[in-house]
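*Asks:* Straight out of TrEMBL:
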TRANSMEM  42-62  transmembrane segment
DOMAIN    53-295  domain 'G-protein coupled receptors family 1 profile'
TRANSMEM  74-97  transmembrane segment
TRANSMEM  117-138  transmembrane segment
TRANSMEM  159-179  transmembrane segment
TRANSMEM  185-212  transmembrane segment
TRANSMEM  233-261  transmembrane segment
TRANSMEM  273-297  transmembrane segment
Amino acid sequence: MSTLAPLRLLREPWNTSEGNQSNTTVGASSGWCQGLDIPHELFLALGLVSLVENLLVVAAILKNRNLHSPTYYFICCLAVSDMLVSISNLAEMLFMLLLEHGVLVMRPSIVRHMDSVIDMLICSSVVSSLSFLGVIAIDRYITIFYALRYHSIMTLQRAVVTMASIWVASTVSSTVLITYYRSNTILLCLIVFFLFMLVLMLVLYIHMFALARHHLHSISSQQKPPTAHRGGSLKGAVTLTILLGVFFICWGPFFFHLILIVTCPTNPFCTCFFSYFNLFLILIICNSVIDPLIYAFRSQELRRTLREVITCSW
């Protein structure tokens, strides 16, 4: 094991013959096609930072009763998904280092079993992270366009059902992915899901920004100060847009990697792209590091609670 376990399964294309694969490897063995050699210490450092940050976010939401709402429960679940990425990364790195230094001696069958468990954790976090980003976007959309009916539409019971459904679906889908990861059909389903959620969030955000811009123009023409509600709605839309942009930048290369595996596994350019797989993994971990920083600096209530948690002001 040299990288994150489940993503390592998708590192190289499998739907090529050995001859074709060796030819493309030889043809892509020079220049920028060598890829990047990223030290294990960087994976460990980013994993630790992400784990601590997301633990603080979860603790802050649990501590402050003002944050006990469907919106922040969804954010809490997103933080848990990011924690799964960190835990999986840390677990595999430590597991691998112990094996390499002979501190831990295990049978190959047990190693494969441990590998599969880590596979399921990270794949589940991929699906759940994307799903909760979509749910948070829908929740913000309802807040802006159906403000008076929000509490009747997004009840606590519906929020709990939504969260439970996402976690169950993520677990089932990760099991299917690990079992049939060599199937192009499974990869296509994952790619389509990513593109669908991305388009859904883009449409919602564009609509929210269009409304916010319309109200700002109306307020400007009437020479009235903006209301706190509209200002908060615009700020929330900006926050979610930043989250979406960060997610797309961090996860986009990996999903493009999957697309190339399906469409052009033997093409020299695709082979060169595959060699940068470790960089894609670093970007994925960076996503779980950046998300908590966005919560802390964009939400005043959460920022204040985070300070209390850090200073142990319980």
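Heads up, the Cβ atoms here are built off N, Cα and C, so glycines get one too.
Any idea what these are sitting next to in the structure?
*Replies:* Packing against the transmembrane segment (42-62) from elsewhere in the chain are residues 4, 68, 72-73, 75-76, 79-80, 82-83, 85-87, 89-90, 93-94, 281-282, 285-286, 288-289, 291-293, 295-296, 302, 305-306, 308-310: each is 6 or more residues past its ends and has a CB under 8 Å from a CB in it.
Residues 1-2, 4-6, 40, 43-44, 46-48, 50-51, 54-55, 57-58, 61-62, 104, 114, 118, 121-122, 124-125, 128-129, 132-133, 135-136, 139, 159, 162-163, 166-167, 284-285, 287-288, 291-292, 295 of the same chain, all 6+ positions outside the transmembrane segment (74-97), place their C-beta atoms under 8 angstroms from a C-beta of that stretch.
Here the transmembrane segment (117-138) has long-range neighbours at 4-7, 9, 71, 74-75, 77-78, 80-82, 84-85, 87-89, 91-92, 95, 162, 166-167, 169-171, 173-175, 177-178, 193-194, 197, 200-201, 204-205, 240, 243-244, 247, 251, 287, meaning same-chain residues at least 6 beyond its ends whose C-beta is under 8 angstroms from one of its own.
With a cut-off of 8 Å between Cβ atoms, the residues of this chain six or more beyond the transmembrane segment (159-179) that come close are 6, 9, 70, 73-74, 77, 116, 119-121, 123-128, 131-132, 135, 186, 190.
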